[in-house]
Amino acid sequence: MREQRTAGSIPVENKVPRHGAGFRLPYRLEIDPAGANSPWWITIVAIALALVACGVFIALNGMNPFMVYSKMVKGAFGSTFGLTETLVKAIPLLLCGLGVSIAYRISVWNIGAEGQFVAGAMAATAITVYFPTLPMYASIPLMMVAGIVAGGFWGLLTAIPRNYFQVNELITSLMLNYVALLALNYVVFGPWKDPKGFNFPGSPMFKAAQTLPAFGTTRLHIGIIFAIIAVLIYAFVVRYTRWGYELRLIGANSEAAKNAGIRISRHVLVVMVISGGLAGLAGMSEVSGVAHRLMYGISPGYGYTAIIVAWLAKLNPIGLVISSVLFGGLIVGGYSVQTIGLPSSISSMIQGAILFFLIAGGMAGKFRIRRNG
């Protein structure tokens, strides 16, 4: 018997009789390395399929899907209030998504942005608890530094086991999310609990000097400026610096990067510290700019949603901004449909559907149908 194999392909014919005419399929399924980065239209199709799938579910519950989607769009973008609330939600998504993207660029699968977000929020709150009399020009920068350092340290806790003990970062980053949440529960139910909070699990309200300034009468705060600056720095560094080139090389071909003398382990440490630091800054901006206190459930899942944001953007800086705003609008739109009898969790269902179809589309994009010649 004789084997027929094609490099990079899945053979559909393994056995060809030596004598006589054997059966031969006219086509074969082949893995195409160029399809590792799926084209932009797959993203559009994935979003469309997610909306169709969720629309079927909505219709089965007796609602008109077009009316529901229209209500969500109007609630998120149809008024000044809705638009500013969308941007408020987009700030942590953009910062966390940016951190996740930097890690993914070198194939480090950081799913710990949720824990890093919480660590940053707790560190920023610690400044308000232990240094309550600082003026704004000192407290805000100190809170920012504390949030970045805490988030970066949480990211470092994932990088060290990966580098020196070959522990998968998916496991450690996910486990550290729960550690951070347990620590949050401890402080808001314990030592930092507001004695005047009617038994509500949260810290005392921040003073005016400890809150980020907002624009006008809206809740939109200057954290959006931090996020935009971070995106611009990321775009410049990745595109125009040697370090950014090394990141792109590691992500494209780690073996070639290693042969070129690039110390991948050092880049993993630095990237995870930066990734965690950005999520920590997001946590600081949330407690200081929106909640004005640390409380139980300070994050509705920003760190996990940021994974979808980064995947949807394909690690592109402009794409990150767009997808963050879209997902911020999805969250706000989910609140608006409560007035017509649907739960706000409809937005979570749409997020999950988008992720599912993005993964399916990415896998399908790696394969090509070739004619057997």
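Note: Cβ is positioned from N, Cα and C throughout, glycine not excepted.
TrEMBL does not curate its annotations; it predicts them automatically.
Under the heading transmembrane segment, TrEMBL lists 40-60 (among others).
According to TrEMBL, the feature transmembrane segment maps to 80-104 (among others).
Packing against the transmembrane segment (111-131) from elsewhere in the chain are residues 92, 96, 99-100, 139, 142-144, 146-155, 158, 170, 172-174, 176-181, 183-184, 187, 192, 203, 206-207, 210, 275-277, 279-284, 286-288, 293-294, 298-299, 301-304, 306-307: each is 6 or more residues past its ends and has a CB under 8 Å from a CB in it. TrEMBL lists 111-131 (among others) with the feature transmembrane segment.
Residues or ranges marked as transmembrane segment by TrEMBL: 137-158 (among others).
For 170-189 (among others), the entry in TrEMBL reads transmembrane segment.
Taken from TrEMBL, the feature transmembrane segment covers 220-238 (among others).
Annotation source TrEMBL lists transmembrane segment at 268-288 (among others).
Taken from TrEMBL, the feature transmembrane segment applies to 294-313 (among others). Here the transmembrane segment (294-313) has long-range neighbours at 43, 47, 92-94, 96-101, 104, 111-118, 121-122, 125, 177, 184-185, 187-189, 192, 200-203, 279, 282-283, 286-287, 319-320, 322-324, 326-327, 331, 348, 351, 354-355, 358, meaning same-chain residues at least 6 beyond its ends whose C-beta is under 8 angstroms from one of its own.
Here the transmembrane segment (320-337) has Cβ contacts under 8 Å with residues 68, 71-77, 82, 85-90, 93-94, 97-98, 101, 228, 231, 300, 305, 308-310, 312-313, 344-348, 350-351 of the same chain, all six or more residues outside its ends. According to TrEMBL, the transmembrane segment annotation covers 320-337 (among others).
According to TrEMBL, the transmembrane segment annotation covers 349-369 (among others).
Two recorded stretches are said to be in contact when at least 3 C-beta pairs lie under 8 angstroms, sequence spacing 6 or more; the transmembrane segment (220-238) and the transmembrane segment (80-104) meet this definition.
Within its own chain, the transmembrane segment (170-189) has Cβ neighbours under 8 Å at 109-112, 114-116, 118-119, 121-122, 125, 154, 157-158, 161-162, 201-203, 294-296, 298, 303, counting only residues six or more beyond its boundaries. Counting C-beta pairs under 8 angstroms (sequence separation of 6 or more), the transmembrane segment (268-288) reaches the transmembrane segment (80-104) with 3 or more such pairs.
Within the chain, the transmembrane segment (80-104) has long-range Cβ neighbours (under 8 A, six or more residues past its boundaries) at 74, 110-111, 113, 116-117, 151, 155, 215, 218-221, 223-224, 226-227, 230-231, 234, 247, 251, 271-272, 274-279, 281-283, 285-286, 289-290, 299, 302-303, 305-307, 309-310, 313, 315, 317, 320-321, 323-325, 327-329, 331-332, 336.
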